[in-house]
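These notes are about the structure you will find just below.
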Amino acid sequence: MGNWLTGNWSSDRSSGYSSGWSPGGSSGVPSGPVHKLEKSIQANLTPNENCLKQIAVSSVPSQKLEGYIQENLKPNRESLKQIDQAVDAIWDLLRSQIPVKEVAKGGSYGRETALRGCSDGTLVLFMDCFQQFQDQIKYQDAYLDVIELWLKIHEKKSVKHEHALVVQVSVPGQRILLQLLPVFNPLRSNENPSSCVYVDLKKSMDQVRASPGEFSDCFTTLQQRFFKKYPQRLKDLILLVKHWYEQCQEKWKTPPPQPLLYALELLTVYAWEQGCQAEDFDMAQGVRTVLRLIQRPTELCVYWTVNYNFEDETVRNILLHQLRSQRPVILDPTDPTNNVGKDDGFWELLTEEAMAWLYSPSLNTESPAPYWDVLPMPLFVTPSHLLNKFIKDFLQPNKLFLKQIKEAVDIICSFLKNVCFLNSDTKVLKTVKGGSTAKGTALKRGSDADIVVFLSSLESYDSLKTNRSQFVQEIQKQLEEFVQAQEWEVTFEISKWKAPRVLSFTLKSKTLNESVEFDVLPAYDALGQLRSDFTLRPEAYKDLIELCASQDIKEGEFSICFTELQRNFIQTRPTKLKSLLRLIKHWYKQYERKMKPKASLPPKYALELLTVYAWEQGSGTDDFDIAEGFRTVLDLVIKYRQLCIFWTVNYNFEEEYMRKFLLTQIQKKRPVILDPADPTGDVGGGDRWCWHLLAEEAKEWLSSPCFQVEQKGLVQPWKVPVMQTPGSCGGQIYPTVGGVTK
């Protein structure tokens with residue numbers, strides 16, 4: 001068992017750990033947070049610990065960070081076990097004397113983010129006699145006096161600090177400054193709290209005029225649960241960030257507020273959730289991401305909806321008030337009234353220190369130095385009048401990025417045309433740049449470069465289906481041999497398919513500041529050379545439709561053959577519509593990332609087409625209100641069960657074979673969204689994908705500040721029909737759809 005030493009920062013003794021806590025140590029724990037005790041601790045550190053204090057973590061090479069954490073920052077497991085036993089002994093003593101129903105462990109100790117050496121912790125005592133938040137205000141001090149008295153009777157020393165008693169739990173190699181906090185327990189079960197808990201919290205705070213976050217300790221159980229679900233490696237990253245923060249404090253004359261430490265822990269969790277979510281990640285990459293976020297305090301707005309959300313009006317108003325307040329905002333995920341990131345004048349100092357480490361040689365041992373793509377604030381809290389700025393600042397790639405992408409694409413296209421099939425009978429007919437980069441809708445750091453390579457040996461849809469996997473393998477083989485003679489680094493993604501349709505890889509080069517992800521797809525040249533005044537060969541579609549009728553072909557299986565048409569359909573659109581497309585894609589990606597468990601969502605291309613349709617039908621102008629466009633697309637997603645959308649720009653109802661096929665397509669189960677380049681491609685898919693999940697997310701977003709305009713109320717969607725018919729597209733055909741003649 002460990003020593004329970006109060007107010008005494010003497011070195012550990014070799015005896016007295018067998019049972020309970022040894023009395024001893026001078027009275028009077030220093031009243032400030034842990035960082036105020038650093039000088040006292042320093043004098044009693046072992047030589048190795050003293051050495052650690054002198055080594056700036058910012059000087060540790062990136063490849064050695066993991067070893068640094070394991071060797072210097074992580075507490076010893078046996079020490080933590082002894083700490084647990086000592087804390088449990090405190091709990092056993094107190095519950096035998098006072099009406100404590102249960103306890104929760106908080107602070108760094110409870111969150112399992114305690115640093116080796118000295119750290120903070122709390123033992124929250126849920127008092128059986130506290131029936132409401134107000135009781136905590138009325139009776140907390142009285143119970144602290146009772147607890148202090150019982151501790152003295154048992155020769156256990158403590159110091160009263162604000163609304164807590166502070167004791168030191170000490171074992172060899174580890175000390176915890178433990179606050180004892182008698183509080184009200186608003187959670188009557190182990191389940192997630194209902195909105196009533198937070199409505200009651202707001203009501204009680206108003207009655208007693210409590211400060212924001214004053215009752216946050218009541219939610220320690222939730223805080224413990226919140227951190228428990230995260231992988232150990234993320235907690236190791238938190239230790240690294242906290243250790244850096246402690247070293248920063250030593251340079252500052254005035255100690256920062258204790259909540260800032262918790263804010264950095266939450267910011268680290270946010271960075272990992274938004275940018276990684278993998279249990280095995282590069283530690284330096286995580287550090288760079290956190291430091292980049294710290295550099296942007298005036299934009300930081302971080303929150304979670306795991307314990308509270310926007311459904312209840314009272315809770316929604318609390319949240320919106322917080323999210324509209326001055327940045328930085330980092331909300332406690334267990335208490336919406338508690339902004340632990342509030343700026344008390346220290347963020348500027350922290351920003352300077354973050355910049356110094358971020359651009360230090362030790363953290364830039366490779367070029368480019370990778371980091372996760374994480375925004376400092378979510379789209380949800382962006383006011384409607386700032387959406388254009390959000391797109392420009394966070395989503396739209398700069399000219400340098402686009403130049404880098406172009407250079408990378410040119411490198412691969414040159415390889416495909418001039419090297420890959422040099423000694424083969426197969427010839428490259430053409431390479432076509434596809435995907436968001438070619439369409440002009442690429443996201444900053446979040447878009448792939450697609451290259452479709454049309455090969456002479458692929459002479460039909462059938463030959464493409466049969467032979468494309470061998471061409472994928474051949475391209476990979478040739479590329480692997482070629483890069484050995486170049487200053488490139490290529491990492492191939494292992495396909496989950498036995499017969500892969502695409503070669504996916506990441507390209508790094510000394511000439512590129514960013515690594516670029518590629519998808520290379522072999523294709524059959526069904527269209528030949530396109531010209532703007534050229535009417536498409538009807539054979540291309542006729543052959544495709546006949547093949548689909550005779551064989552079990554998945555819808556859109558050969559859409560890759562029509563990449564040029566897909567690209568041109570978007571590429572020619574106004575710049576502002578492309579901005580709206582970026583916004584919708586970002587919204588989609590954010591939901592895709594947070595969705596648990598994972599499900600099969602509709603393809604992003606479906607959302608792109610839905611966005612174009614909304615603009616065509618609702619605006620059609622080069623200059624429109626982004627918030628209205630965004631709101632309209634979400635409205636269409638919510639109405640997915642009614643959607644029937646198609647275009648007649650590349651095919652129409654004139655030819656008999658096409659007319660019959662299209663009439664069959666548009667009478668399928670909703671939603672129906674036909675690819676304007678490929679009539680066999682229904683990216684709406686009926687019930688093939690989980691549209692209902694996307695619709696639920698869209699409904700939640702209707703309460704977002706994105707759609708609130710002061711004085712004018714809510715942003716209204718454009719008036720857009722959810723269903724098209726051949727007649728509405730000028731086809732002079734009025735079929736029966738859903739039992740109604742259109």
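Glycine is treated like the rest: Cβ placed from N, Cα and C.
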Exercise for the section: Out of ASP393, ASP410, ASP425, ASP519, which one does Swiss-Prot list together with ASP448, ASP450 for Mg(2+)? Expected result: ASP519
Exercise for the section: Check Swiss-Prot: it lists ARG582, LYS585 as binding ATP. Then name which of SER436, SER456, SER457 it lists for that same site. Expected result: SER436
Completion exercise
Greatest Cα separation in angstrom, residues SER436, ARG582, LYS585 binding ATP per the record, works out to 10
Handout entry: SER436 (ATP binding site) to ASP448 (Mg(2+) binding site) - Cα separation in whole Å
Key = 7
Handout entry: Least buried by Cβ count (within 10 Å) of the recorded positions LYS417, ARG582, LYS585
Key = LYS417
Handout entry: Close in space, distant in sequence - ASP450 (Mg(2+) binding site), Cβ under 8 Å, 6 or more apart
Key = LYS433, GLY434, GLY435, THR437, ALA438, PHE518, ASP519, VAL520, LEU521, THR563
Completion exercise
Row ASP519 (Mg(2+) binding site), column other C-beta within 10 angstroms, all chains, value 17
Handout entry: Within the predicted model, mean pLDDT of the region 'OAS domain 2' (382-721)
Key = 90
Exercise for the section: Indicate whether SER436 (ATP binding site) is helix, strand or coil by DSSP. Expected result: helix
Practice task
Enumerate the residues of the same chain, ASP448, ASP450, ASP519 excluded, that satisfy the criterion Cβ within 8 A of the mean position of the Cβ atoms of the recorded Mg(2+) site; list them in sequence order.
Solution key: GLY434, GLY435, ALA449, ILE451, VAL502, SER504, GLU517, PHE518, VAL520, LEU521
